[in-house]
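See below for the structure under consideration.
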Amino acid sequence: MRSITCLSMTSLVCRIATSLAFHSPVFSLYRQINIKSLVFSAISNEEDLVKVPKKFKPHPFVELTVTVESLTNLGFGIARVPPPATDVAKEDLASSEVNDKKWVIFVPNVIPGESVRVRIYRNHASYSDADLLEILTPSPDRIEPRCSLATVCGGCQYQHISIKRQRRMKTEQVQDMFERIGGLKKDEFPRVLDTIGTDEVFEYRSKITPHYDAPVKKRDKTIIDPDAPSSLEIGAIGFKEKASRRIVDVPYCHIATPAINNALEQIRHDKRAEAQEGRLKKPKKGATLLLRDADGIVETNHTKYVDTVVNGITFRFQAGNFFQNNPYMLPHMVDLVVNAATRLSASGAKMTHLIDCYCGSGLFALGSSSYFDVCVGIEVNSKAVEEAKSNAALNGIKNCDFVSASSEEIFKSKDPVKVGDVDEDNNNGPLLVKDFPRDNTVVVVDPPRKGCSEEFLEQLDAFRPARVVYMSCDPATQARDTAFLVTHGYTIVSIQPFDLFPQTRHIECLAVFDRVDNAIEKVEEKRWNANLSHLN
C-alpha cells in the first residue's frame with residue numbers, strides 16, 4: 001500500500017485543453033502551446049519529454065533514487081531518469097545507458113535540490129507518478145509541517161517548506177510561465193516582482209468547505225458494507241486526499257481561522273448526530289459543508305448574508321457566494337489594483353473611467369470609486385450584481401453602476417451595458433460603455449481560472465483602453481492572455497504575484513498593461529518585414 005498518493009493529471013489536462021480551445025487565426029499562438037506546459041509548468045525543456053515505447057510494460061513498483069529539479073505549478077516535484085526501453089528490466093530504469101532524453105517522474109512533498117528515494121506507482125504516456133519513500137538529502141528549507149495530515153490532505157502542498165522559500169518558488173514559477181506559456185523573452189518584459197504576503201501564514205482562511213460521503217447504509221440506496229453498524233454512520237468529514245477522491249478526516253484545519261475551527265468541531269458533531277438519527281438531508285451522495293468567517297462570526301447557511309470590511313468599505317454578500325478568502329491580504333491587493341489603475345498614462349493623461357470586468361460583488365470597482373468619475377462593473381451572475389448595487393448604496397457610493405451581462409458583450413456596437421441615467425452631455429440618455437473615452441479608461445480584469453475568452457480579448461482590443469489591470473488566480477492562463485495583449489499593442493508595466501494562500505501551491509498575480517499608441521503600426525511593419533524576408 002503506497003504511503004502518499006499523487007494527483008492524476010488526466011482530468012486536469014482535459015479541463016485545461018477545453019480552456020485553450022480557441023480556433024481563430026488570432027489565437028494561432030495559443031494553439032502552438034503544448035497543453036502539458038500548463039500542467040508541467042516547471043519543466044524548462046519540453047522537448048525532453050519522451051513517449052513510452054509501444055511494447056513497454058510498466059513496472060509500477062520500481063524504487064529509484066532521484067534528485068528533485070523543480071516543482072510544477074501543481075506543487076509536485078520533478079525528477080528525471082533515462083526513459084524505459086522495450087526490453088530493459090525494471091532495475092535498469094535508473095541507468096544512464098538509454099539516451100539523452102529524460103523520463104519525467106512526479107513526486108509530492110519534496111523541495112528542489114533534494115535527493116530522495118521514490119516508488120513508481122503509475123506510468124503514463126510520457127511520465128510516471130511516484131510516492132515519496134525517504135528523504136536522503138533534505139533541503140535547508142525543509143521544516144516540520146504544523147499539520148499531521150499535511151502529507152495526505154489535498155488542501156496544502158507546501159507545509160514542509162519554509163515560507164521564504166515558498167514565496168521565492170512562486171515568483172520563479174510566475175517568471176517561468178510568462179516566458180514559456182506567454183512566449184516572452186526575458187528582455188521583453190519586466191522582471192517579475194517578489195511575491196508579497198502578510199505575516200499570517202496560518203489561521204488566515206476565512207472560508208472552508210469540508211466534504212463528507214453519504215452514510216454507509218444509505219449511499220445509492222444500498223448497503224455498501226454488510227458488516228457496517230446498524231446506525232447511519234458518516235465516515236470522514238474533511239477534504240480530498242492528494243490524488244484521490246477519498247476524503248481525509250480533518251478535525252482541525254491549520255490554515256482556517258480560529259473561529260472556523262471552533263465552529264468546525266460543533267458542525268462535525270451535529271452532522272454525525274443527524275446521520276445516526278436519520279435526519280440528515282440528501283444523504284444519497286454526501287455533501288459539502290460551508291463555514292464562512294465574517295469578522296469572527298461563522299455562518300454555515302449559504303443563503304445568509306454576511307458583512308466584511310475592506311479598506312473602510314463594507315461588503316455584504318451571501319455566505320456561499322464567491323469572495324476572496326484571506327482578509328489579511330485582501331486590503332493590500334485592492335490597494336495595488338487602485339495604485340495601478342490610477343497612475344497617469346505615458347502621455348500624462350488622467351484615468352477618469354474604470355470598467356471592472358468579472359466584478360463579482362463589486363470589490364475592485366467600489367474600492368477604486370473615489371478615484372474615478374465613473375465606474376462600472378460587469379458580472380454575468382445576476383445575484384452578484386444585486387449585491388454589488390446594494391453595496392454601492394450601503395456605502396453611499398453614487399458614481400458606480402453594475403450590470404448583469406457577459407463581459408464578451410460590453411464593447412459591442414449594440415452595447416447592452418449602460419451606465420447612469422444620462423451621458424456626460426446630460427441629454428442623450430444612459431452612457432454606453434463603448435463610448436467611454438478610451439484614452440482615460442482603465443479596464444480591470446479578474447476572470448475565472450480559465451482566463452479570458454478569445455471573444456473578450458478581441459472586443460478589448462477593438463476598444464483599446466489606455467490601461468488593462470489584470471488580476472488572475474491562475475498565472476498560466478494569465479500568461480497565455482498576455483501573449484495576446486503584447487502582440488496587440490500593449491506593453492507590460494509590472495507583474496506582481498501575491499501569496500494569497502500560504503502553505504498551498506496557489507498563486508494570485510497582478511499584471512499591468514499600458515497601451516502603446518504606435519504599437520499596431522510597429523507590429524504590422526514587423527510582420528511586413530518578416531514576410532519580405534521570407535520571400536527573399
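Backbone N, Cα and C atoms are what each Cβ position is placed from, and that goes for glycine too.
Annotated features, as they stand in TrEMBL:
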- C473: active site, nucleophile (ACT_SITE)
- C473: active site (ACT_SITE)
- Q324, Y358, E379, D446: S-adenosyl-L-methionine binding site (BINDING)
- 57-134: domain 'TRAM' (DOMAIN)
- 1-21: signal peptide (SIGNAL)
Integer mean pLDDT for the domain 'TRAM' (57-134):
80
Let me know the DSSP-derived helix, strand or coil state of E379 (S-adenosyl-L-methionine binding site), please.
strand
What's the most sparsely packed of the binding-site residues E379, D446, counting other C-beta atoms within 10 A?
D446
To test your reading of the S-adenosyl-L-methionine site: which residues beyond Q324, Y358, E379, D446, same chain only, put their Cβ within 8 Å of the Cβ centroid of those residues?
F322, D356, C357, C359, G360, L363, F364, P447, M471
So for Q324 (S-adenosyl-L-methionine binding site), how many other CB atoms are inside 10 Å of its CB?
19
Could you measure between Y358 (S-adenosyl-L-methionine binding site) and the residue listed as 'active site, nucleophile' for me? Cα positions, answer in whole angstrom.
13
CB contacts for C473 (active site, nucleophile) [other CB atoms within 10 A, all chains]:
19
If you measure every Cα to Cα pair among Q324, Y358, E379, D446, the residues listed for S-adenosyl-L-methionine, what is the largest value in Å?
16
Cα of E379 (S-adenosyl-L-methionine binding site) to Cα of C473 (active site, nucleophile): how many Å, rounded?
17
Taking the Cα atoms as reference points, how far is D446 (S-adenosyl-L-methionine binding site) from the residue listed as 'active site, nucleophile' in Å?
8
